[in-house]
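Structure record follows, encoded as structure tokens.
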Amino acid sequence: MHSFAAAALLALGGIAAVPAFAGQAHVAGLQDGQTYRQLIVKFVPGSAPARHAAAVDASLRRAGLGLAAGQSAPALKRLRRMAIGSDVVTSDVPLSRAQTQALIRRIADDPNVEWVQADLPVDITALPNDTRFAEQWDMADSAVGVRAPSAWDTSDGSGAVVAVVDTGIVSHPDLNGNVIAGYDMLSLSDGGDGDGRDPNPTDTVYAPSLPHGTHVAGTVAAVTGNGIGVAGVAPGVKIVPVRVVGRGSGSFTSDLADGIVWASGGRVAGVPANPNPADVINLSVGTLSACTQTPAWQAAINTATANGTIVVAGAGNNNVDVRGFTPASCNNVITVAASDQGGRRAWYSGYGAGIDITAPGGESCSPASEFFPLGRFVNKPQDCTRQHLTQGILSTYSGNRYEYLDGTSMATPHVVGAVALIQTASPTPRTFEQVRQILAATARPISTANCPGGCGAGLVDAAAAVARARSVAP
């Protein structure tokens, strides 16, 4: 680690003039009332800071010129270099929104800097004999289900690997048979696991993993035909759990970006290589910011795509246009909206021209009206006035239980499972664009009345997608 004095908190006389070749200062996503301690800095390839850690110190010392009289700069440390080639920098004190914006802009003044962003926190989005399969309306061969049973006549996903980049996973008898080695990418000890990065994506010794990732993984690949519990969309798939979201304040964009790269088979310094690179990555996580303002996300996704991995992400749960949500608004992502038990857009789901496909996300609760006005920010469960738990998505949960949850987090793994079925049914694996075209060509359209704002091509149809993958040449 390398220490250095940091840039302006509130610079005397305002921000200095920007050089002709200044880097991009990405300040979107910062909010009043929140504090920030980490930044991601990308230096220009070939520049001294990009090649030498000592030059990083010098670059950021220069950024500290012009501090207000009597005001001390925070002590910053370069934590590590990310898999995408950027540096993670942390402050010894929390910084306000205004202070963080000033710091980002000051660092971006250096012509050696390509871009700077805050390291934003990440939030969490033949019939089987499984005893609770009848409760899985989302899986059914019906007008509102994904038609998984009909797809299984052709493909169950065997041979495919799906990385669930999420909160990690816990032991569950209906899931363990399909889980292989993963990794905990949380770099800080305050992620709720008592330590840093390690090969244990559960870390239950210190604090149980949040059950979100376990629920998502069950929708993709719960063991099917074992006489218990639930079924997954692609029960032949193997799951690689990658823990990037923890309890408390320990979840950062930088960890998630490294997790995406690692899951796809890319190299992450200090971490053993993934022996089972993912064919598909499930991202049921995100942040309220456009991808154009969070380049670390896009760089990681581009790396995964170059490695041959297909990335699928949820559209968010705030009833806003998906162009303002990351990673759903990034390039090289299949973006998923959520539908309810009636086949309509779920009241909370993101929408817009950026949606590729829709899948069951359920509504465990709902407001009095079917839809809020477009763009009216909503917050589950505060806006719920009606409870109907079993209209959610049933899947695996902590404590060997099964629970109903709802959200685009629950919609996304339905599409991930369908992609795994496509890839294993096709004579040769399809490219990202080919998979997206297959999903779109076989989707069941949703009317404008049932999906104000736009739901992409419509509701995913796993059976039709598998049939097209087998019959239409790449």
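Every residue, even glycine, has its Cβ placed from backbone N, Cα and C.
Curation plays no part in TrEMBL annotations; they are all automatic predictions.
These figures come from a predicted structure and were not determined experimentally.
Here is what TrEMBL says about this protein:
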ACT_SITE  D166  active site, charge relay system
ACT_SITE  H212  active site, charge relay system
ACT_SITE  S409  active site, charge relay system
DOMAIN    157-458  domain 'Peptidase S8/S53'
SIGNAL    1-22  signal peptide
Report task. Write down the Cα-Cα distance for D166 (active site, charge relay system) and H212 (active site, charge relay system), rounded and given in Å. Result -> 8
Requested in this report: Across all the protein chains here, work out how many other Cβ atoms are within 10 Å of the Cβ of D166 (active site, charge relay system).
Outcome: 31
Report summary line: Cα-Cα, D166 (active site, charge relay system) versus S409 (active site, charge relay system), nearest Å, comes out at 10
Query - Cβ atoms near H212 (active site, charge relay system) (within 10 Å, other residues, all chains) - result: 23
Report summary line: Taking every residue in the domain 'Peptidase S8/S53' (157-458), the average pLDDT works out to 92
**Report entry** Other C-beta atoms that fall within 10 angstroms of the C-beta of S409 (active site, charge relay system)
**Finding:** 30
**Report entry** D166 (active site, charge relay system): secondary structure state under DSSP, collapsed to three categories
**Finding:** strand
Report summary line: In the three-state DSSP scheme, H212 (active site, charge relay system) belongs to helix
